Amino acid sequence: MYYKFSGFTQKLTGSAPATAYNPQGLRSGLPAESPTMIFATPTKVVSEAGATAEYMGANKVPDLQKVFQTSDGIPVHLKRGYPDRLLYRTTMALTIGGVAYCLVALYIAAQPNRK
Amino acid sequence: MAHQAHAYHMVDPSPWPLTGAVAALLMTSGLAIWMHFHNTTLMTLGLILLLLTMYQWWRDIIREGTFQGHHTPPVQKGLRYGMILFITSEVFFFLGFFWAFYHSSLAPTPELGGCWPPTGITPLDPFEVPLLNTAVLLASGVTVTWAHHSIMEGHRKEAIQSLALTILLGFYFTFLQAMEYYEAPFTIADGVYGSTFFVATGFHGLHVIIGSTFLAVCLLRQVQYHFTSEHHFGFEAAAWYWHFVDVVWLFLYISIYWWGS
């Protein structure tokens with residue numbers, strides 16, 4: 001644990017090694033120790049935060065971040081599962097079908113008028 | 001995900017450039033087929049494919065930025081440069097229409113009667129609806145800045161309300177322009193006056209609709225807690241675009257509506 005003097009609270013508070021108060025400089029030879037994280041207030045879960053924070057619905061971003069950050073090797077456009085696959089396959093079917101239809105239409109348009 | 005020692009975004013392989021390119025092929029070929037055979041199937045197919053591509057591509061960018069955290073400060077810097085270059089290209093797009101307008105109006109040809117507005121053209125009164133439109137767009141510029149400051153200070157409710165107000169002002173502008181078009185005593189076919197007027201104001205109107213859509217997407221994202229007080233570039237890009245549309249209108253108003261009448 002490293003400490004520094006906080007000008008705000010006028011007390012010693014925890015700090016990162018780089019910003020700690022070290023009148024003698026950092027002592028070499030001591031193993032580097034990561035500081036314990038100190039939270040000012042306990043982290044609030046959205047449901048505890050009260051009605052004002054839920055104006056027009058609750059915050060689903062943390063849940064979605066969990067879903068989209070799972071390392072399963074699935075590319076981002078299919079990460080949400082079935083609805084993504086359905087939309088992707090519809091788009092791909094239209095792409096392939098559209099190219100075929102387009103080539104046929106252009107081929108017909110290129111034929112001389114036989115009237 | 002494998003450990004990565006830099007802050008740049010390594011994108012996943014994506015099908016959207018391919019589907020977007022095919023959408024462009026179908027729409028252009030579809031346009032030719034429409035003109036030759038009076039059949040809009042291919043063009044409609046291309047339009048649907050384009051809309052599907054736009055939805056899914058931008059949906060993925062939101063996933064990458066908001067949910068996966070790929071929009072780190074250096075990536076955001078790239079997005080900023082990209083948006084600046086895009087808006088610069090839009091400036092030059094409109095410069096072309098202003099060039100056409102000044103080319104035609106500064107030295108009117110004898111066919112026009114040697115005057116501007118040309119003989120037989122009754123222009124719109126710039127101090128009626130166009131002045132109201134100027135006020136509406138300037139007011140929307142104020143409300144979008146209000147929304148930005150609300151987001152930066154974490155005032156969720158105020159941000160939602162001011163952003164909704166901005167979009168409503170955008171729709172009001174579009175409504176007023178539609179009424180003006182309906183009531184206009186000249187058409188796009190009425191010589192170079194009609195052509196320059198409707199092409200310049202029409203493309204501006206299209207950009208207002210695009211900007212309103214962009215802001216509406218930002219409103220939906222703001223409601224869904226996507227923007228933080230520190231990171232909300234999607235909103236900033238929409239605000240830049242909106243200001244650009246606003247400035248183009250001021251030039252249109254001064255040049256075409258006021259000086260040109």
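Using N, Cα and C of the backbone, Cβ positions are placed for all residues, glycine too.
Under the heading domain 'Heme-copper oxidase subunit III family profile', TrEMBL lists B:4-261.
Under the heading transmembrane segment, TrEMBL lists B:16-35 (among others).
Taken from TrEMBL, the feature transmembrane segment applies to B:41-58 (among others).
Same-chain residues lying 6 or more positions outside the transmembrane segment (B:79-102) and placing a CB less than 8 Å from one of its CB atoms are 71, 195-196, 199-200, 203-204, 207, 233, 237, 240-241, 244, 248, 251, 255-256, 260. Residues or ranges marked as transmembrane segment by TrEMBL: B:79-102 (among others).
Through the fold, the transmembrane segment (B:129-147) approaches residues 158-159, 162-163, 165-166, 169-170, 172-173, 176-177, 179-180, 215, 235, 239, 242-243, 245-246, 249-250, 253, 257 of its own chain, all at least 6 residues removed from its boundaries and within a Cβ separation under 8 Å. What TrEMBL records for B:129-147 (among others) is transmembrane segment.
Feature annotation from TrEMBL assigns transmembrane segment to B:159-177 (among others).
The transmembrane segment annotation in TrEMBL covers B:197-220 (among others). Within its own chain, the transmembrane segment (B:197-220) is flanked in space by residues 58, 90, 93-94, 97-98, 100-101, 144, 160, 163-164, 166-167, 170-171, 173-174, 177, 181, 186-188, 227, 234-235, 237-238, 241-242, 244-245, 248-249, 252, 256, 260, which lie at least six positions past its ends and keep a Cβ under 8 Å from the stretch.
What TrEMBL lists as transmembrane segment is B:240-260 (among others). Beyond the ends of the transmembrane segment (B:240-260), by six or more residues, the same chain brings 83-84, 87, 90-91, 94, 98, 101-102, 105, 116-117, 123-124, 126, 130-131, 133-134, 137-138, 140-141, 144, 166, 170, 196-197, 200-201, 204, 207-208, 210-211, 214-215 to within a C-beta distance below 8 angstroms of the stretch.
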Touch test for the transmembrane segment (B:41-58) and the transmembrane segment (B:16-35), at least 3 Cβ pairs under 8 Å:
yes
Cβ contacts under 8 Å made by the transmembrane segment (B:159-177) with residues that lie 6+ beyond its boundaries:
129, 132-133, 136-137, 139-140, 143-144, 146-147, 150-151, 201, 205, 208-209, 211-212, 215-216, 218-219, 222-223, 227, 242
